[in-house]
Amino acid sequence: MELIVEDLSVARGGMAVLEGVCFRLACGHALVLRGPNGAGKTTLLRTLAGLQPPRGGRISLDREAMVYAAHADGIKAVLTVEENLRFWADLYRVDAVGAALEAFALGPLADRPAGALSAGQKRRLGLARLLVTGRRVWVLDEPTVSLDAEAVGMFARAVRAHLAGGGLAVIATHIELGLEAEVLDVARFRPRRVVTGDEDFL
Amino acid sequence: MKALLVRDLKLAVRAGGGFGLGLAFFLIVVVLVPFAVGPETALLTRIAPGILWIGALLACLLSLDRILALDREDGSLDLIATAPLPLEAAVSVKALAHWLTTGLPLVIAAPVLGVLLNLRGEGYGWLVVSLAIGTPALSVIGTFGAALTVGIKRGGLLLSLLVLPLYVPVLIFGAEVARRGAEGLSVATPLALLGAVTCGTIALLPFASAAVLRVNLR
Amino acid sequence: MASIWEYANPRKFMSVTDRVLPWIAGLSAIALVAGLAWGFFLTPDDYRQGSTVKIIYLHVPAALMAINGWLMMLAASLVWLVRRHHVSALAARAAAPVGAVMTVIALLTGAIWGQPMWGTWWAWDPRLTSFLILFLFYLGYIALWAAIEDGDTAADLTSVLCLVGSVFALLSRYAVNFWNQGLHQGASLSLDKEENVADVFYFPLLLCIAGFVLFFLALVLLRTRTEIRARRMRALMARERMA
């Protein structure tokens, strides 16, 4: 499997934010997206995830192979940690809750209501979700926010294991994960001229 | 699909506000009506089917904005939209969960409240039947409204404005079944029409809901 | 051959309507003045209804435009959903308040007419009730447009609401018919000449209807032009900000 993005242009609120994005990612490789705030990393990832249509260009990616993790973890406070994971595992029909809990050291917290977790613990739970989806392509938006150094290490290990298993990952992040990853600075793709959704009217 | 249904039911039960609020609201509306129109038994008997239908409809309306807004706030909606479940199925399941936690308790509670309003003996059966057939349509239409307004902050009022006109056919046929049932008339025609409206909405509206939800997520 | 879709381009639309609009507005003014004057002063009183019958020259055209306005919005919404022409979405948006006002005119003139005829300002007659429901649909549609900031998102959502709303409006029409057989007279006009109003009333009424159609068209075009200008201004401001 390979992720190929050709001449992709993406828009936020009708306004083009990136143009001519091209990259190619083979099995076992990761791509780290960099760029200042508001450069369009989130928009690019949401477009890859299929949540918004591209303005132009092509993405060769089987939607059935992709899992997306956003800023918000989608954690339900009244469910326990394990129930939260169990829901996603059932939805994706992958039974790997135990392994996922272990990978992010959530085992001792499994029966706690997720609402009682700290911000970092919640984030770990959100990332553990990736392991119960069984998907080959990870599309991750700022996965390390509110993680401490130790938890970042857990996350990096999980990504390395995923890549070693033939997976792919596209990650927007500002910190060094210690991964052997290609780096793409999205600021390169800033549109040369302003294009809005109201172009017809000019 | 089962996973989503089970999760939504668990959330409704644990977070409260699902079963409890709708039912309590239904009770209060029905209790308030005699205060407004007077305690005269004959009058209450006559308007009981209509009052019960209006009460159920308003109670149903009360919890509509929770169907999708909560999932939107904590980010689950984006994740569900990218999950292997088609969005059409997801909104159908959400509507079903809403009906199980709101509509079904109303159907069960309606006969009890019917006693308060001196509903005629013949009316109880048809009241329950009409609500059982009609309230699923209310949930499905409500989910469409919730999908339309999920991107709007504090869209609750707008949601009511959009959904209430859509409730008109269901209310007319449903209340007609209950009324004719209570008066001992034949209910065949309105019952068939109510069933048709419900089947049609359940079959077709999820496509519209999913379409507007996609627009709202981008 | 020039395709009709060319006119969906905002620039083309602006330049064409710029030339056409004064003519439409002028014609509608002439038709309305002539039709109403003819109707009010030059036709006899009805032998049963007396002079109250003359409100027909406002009531019937307004009621027609209330329904046709919604149908126009439905057509424009479909065009937007299928072909994504901005002008079409904006025309639907522009038509909504006009249609809503037509509905109010139909309801008000109906009440004024109904008072002496039926002895009541309002009755839960199927036709009246249907118009009231139509008015609620207009309100919801307008409110949804107003609540959403992004133009294209709003156009998408309101278009779907218009489609779904049309189905439910039709359902409500039949539901209401079923619910209460009414006292409203049958249609005043139909192609079947037998049932029509007498000729003396018929021709001025046709003229008034033509006037209302043109008036509606002029208002919608005018409002669409305003919407286009607003969008154009927004686009220019966005460009300015980014540059």
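Cβ atoms are placed via backbone N, Cα and C, with glycine included.
Nobody curates TrEMBL annotations by hand; they come from automatic prediction.
If you look up TrEMBL, you'll see C:5-184 marked as domain 'Cytochrome c assembly protein'.
TrEMBL lists C:20-43 (among others) with the feature transmembrane segment. Sequence-remote contacts of a segment are chain residues at least 6 beyond its ends whose Cβ falls under 8 Å from one of its Cβ atoms, and for the transmembrane segment (C:20-43) they are 54, 56-58, 200-201, 203-215, 217-218, 221-222, 225.
According to TrEMBL, the transmembrane segment annotation covers C:55-82 (among others).
Residues or ranges marked as transmembrane segment in TrEMBL: C:94-116 (among others).
Residues or ranges marked as transmembrane segment by TrEMBL: C:128-148 (among others).
Packing against the transmembrane segment (C:160-180) from elsewhere in the chain are residues 70, 73-74, 77-78, 81, 92, 124-126, 129-130, 133-134, 137, 140-141, 144: each is 6 or more residues past its ends and has a CB under 8 Å from a CB in it. Residues annotated as transmembrane segment in TrEMBL: C:160-180 (among others).
Remote same-chain partners of the transmembrane segment (C:200-222), defined as residues 6 or more beyond its termini with a Cβ less than 8 Å from a stretch Cβ, comprise 17, 20-21, 24-25, 27-36, 38-39, 42-44, 46, 53, 56-58, 60-62, 64-65, 68-69, 72, 91, 94-95, 98, 102, 188-189. Per TrEMBL, the feature transmembrane segment maps to C:200-222 (among others).
Averaged across the domain 'Cytochrome c assembly protein' (C:5-184), pLDDT for the predicted model comes to 89.
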